[in-house]
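Chemist: Below: one structure in structure tokens.
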Amino acid sequence: MVNTVIKRMCKVWQYGMGRTVLATLAAHSNSISVGLCQGYSAILLPQLQDKASKLVITEQDASWIAALGVISNPLGALLSGLLVEVMGRRGAIQVTAIPYVVGWICLALAREFTLLCVGRFISGLAVGMAAASYVYVAEVAPASHRGPLSACGPVLVSLGVLIVYTLGFFAAWHIVAALCTIFALFSLVAVSLVPETPPWLASRGRTAEARTALVWLRRSPAAADKELAEIMESMAHAKKEAEAGVGRCSFVQPTIWKPFLLLLAFFFFQEGSGIYVVLYYAVSLFQEVGTEMNEYVASIWVACMRLVMSILGALAIQRLNRTTLACMSGVGMFVAMLAAGFYEHLFSSVPPSSRPLPWVPLACFLVHVCVSMLGYLQLPWIMTGELFPLRARGAMGGLVSSLGHLLIFTSVKTYPDLRNAIGMDGVLWGFSALSLCGAVFGKLLLPETNGRTLREIEMSFAGQGQLGQAVSDKTTDEEAAVPPPAPATGGRKNSRGEAVAVPVDTNDDSILDIVKARDTITVGRQR
């Protein structure tokens, strides 16, 4: 399997995808900080609740510390939706480093409850702003590779979770916070080295810069010219719709409200399955349900499995349909939480240290984490950058991401009260039921986007196409990544007599003329 992955990566690099991969990793490098923030409360709270802690907190204080890392996520996502339109996709990612650094510094210097809350709130703002990364990757990645490249985000989030869990095992919480600033600064430098997305540049009339960015990403002027023509065609079509009064960025348009409602439901089932409760309360959960392993070591094992499965999920998303992955993930989480709930119900009266089969809870949570990484954790975030049209991708992506973060806050904040009200077994069974509902939703209602261009996805919501099964792979990924060279007729030739592509003249409307001429020919053929 390792050899297969290495060979595939070499082929991707050989066929002009190397720089696109680098741009993807740079954009998603702030996902490491997302994982650090999300996993930080799991190592922070047990240390604060220890009897030797100089800072004493109550159970309500602990729930607020965990929740404040989430409550500001919706605000950050809304801010991200504004910044990606005003500053560009790359600029929005760069700005994200500021609240990360400020938040981590506050946490590192905190010696009282108030500054802890301020640090968590500010770093949570940055987590919400990270939604810009998925928009960036969706716009720089070709359709044939968009799935696995977008899935790099959850992989790096999982890496961040593993890093912070491991650091928490060896170091005090304020030292861990200080070390986390390094990753935010690294992301700022990495993103500064890659270009802005060509669609955003073209939408601002900066066609020359858009072509330069495409040439850098694809390493082929011919491929860049072809892709730029497609971008300009999409913009011309959107302009015609706007002039006709049917393309306004209005919520009543089906290309807006359909993906919005679908993604909102997707996020609801994601949070209802308990994914983020397990993430934010990992160490505390293992202390409560009992396990024969040290709770910190157990949480590190969970983080390791999460990282491995996120990598497998990134590979699977290239081969399997989105609907299949969502259904499999939902069913797997249903079984895991159902078994964990029965275990807790049978032995709830027994002290955790005296329970039989202490490996069962750990196994259930490991299975839950593993199957969630195959679909339900990564797909909603990936599809926020896929489903909306270009004219609304930033604003609507930010809005739906903010609502998703609001649902995460609700689940994290209410978990302690819900556990006290209906018991741990009731909570786990609730996660199980909503996981099953999520599997049904994925099978029946979730649109399939694998192998589709962003324009095809938009047209399907407008009623001009169907998002059914993924397009059959009649060509290899390498062939899809590198379009064939332009015909020699009327073109230029090099010194060896070989035909070369004529570069796009970005100082006039030649691309639009080509598009209009092609449309005229198509209409004539239909007649």
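Cβ coordinates come from backbone N, Cα and C, glycine included.
Per TrEMBL, the feature domain 'Major facilitator superfamily (MFS) profile' maps to 19-450. Summarising the annotation, TrEMBL assigns transmembrane segment to 63-84, 91-110, 116-137, 149-167, 173-194, 260-284, 296-317, 324-343, 359-382, 394-415, 427-446. As annotated by TrEMBL, region 'Disordered' applies to 468-504.
Quick one: how deep are these features, and who are their neighbours?
Modeler: When averaged over the domain 'Major facilitator superfamily (MFS) profile' (19-450), pLDDT in the model lands at 85.
Same-chain residues lying 6+ beyond the ends of the transmembrane segment (91-110) with a Cβ under 8 Å from its Cβ atoms: 27, 30, 33, 37, 40, 76, 80, 83-84, 116, 118-126, 129-130, 132-133, 136, 173-175, 177-178, 180-181, 184-185, 187-188, 191-192, 196.
Outside the transmembrane segment (149-167), and at least 6 residues removed from its termini, the chain residues within Cβ reach (under 8 Å) are 20-21, 24-25, 28-29, 31-40, 42-43, 133-134, 137-138, 141, 175-176, 179-180, 183, 279, 282, 296, 299-300, 303-304, 306-307, 309-311, 313-314, 317, 373, 377-378, 381-382, 385-386.
Residues 22-23, 25-27, 29-30, 32-33, 36, 40, 43-44, 47-48, 90, 93-94, 96-97, 100-101, 104-105, 107-110, 119, 126, 160, 163-164, 167 of the same chain lie 6 or more positions beyond the ends of the transmembrane segment (173-194) yet place their CB under 8 Å from a CB of it.
Sequence-distant contacts of the transmembrane segment (359-382), counting only residues of its own chain at least 6 positions beyond either end whose CB sits under 8 Å from a CB of the stretch, comprise 131, 134, 147, 150-151, 153-154, 158, 263, 266-267, 269-270, 273-275, 278, 285-286, 289-293, 298, 301-302, 305-306, 309-310, 312-314, 316-317, 322, 325-333, 335-337, 339-340, 343-344, 401, 404, 435, 438, 442.
Within its own chain, the transmembrane segment (394-415) is flanked in space by residues 63-64, 66-67, 70-71, 73-82, 84-85, 89, 127-128, 131, 134-135, 249, 256, 259-260, 263-264, 267-268, 270-272, 274, 276-277, 280-281, 380-381, 384-385, 388, 427, which lie at least six positions past its ends and keep a Cβ under 8 Å from the stretch.
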Chemist: Could you pull out which residues elsewhere in the chain have a CB under 8 Å from any CB of the transmembrane segment (427-446), counting only those six or more residues past its ends?
Modeler: 262, 265-266, 269-270, 272-274, 277, 322-323, 325-331, 333-338, 340-341, 344, 375-376, 415, 418-419
Chemist: I'd like to know if the transmembrane segment (63-84) touches the transmembrane segment (116-137) in this structure, counting it as a touch only when three or more C-beta pairs sit under 8 Å and are separated by 6 or more positions.
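Modeler: Between the transmembrane segment (116-137) and the transmembrane segment (63-84), contact is present.
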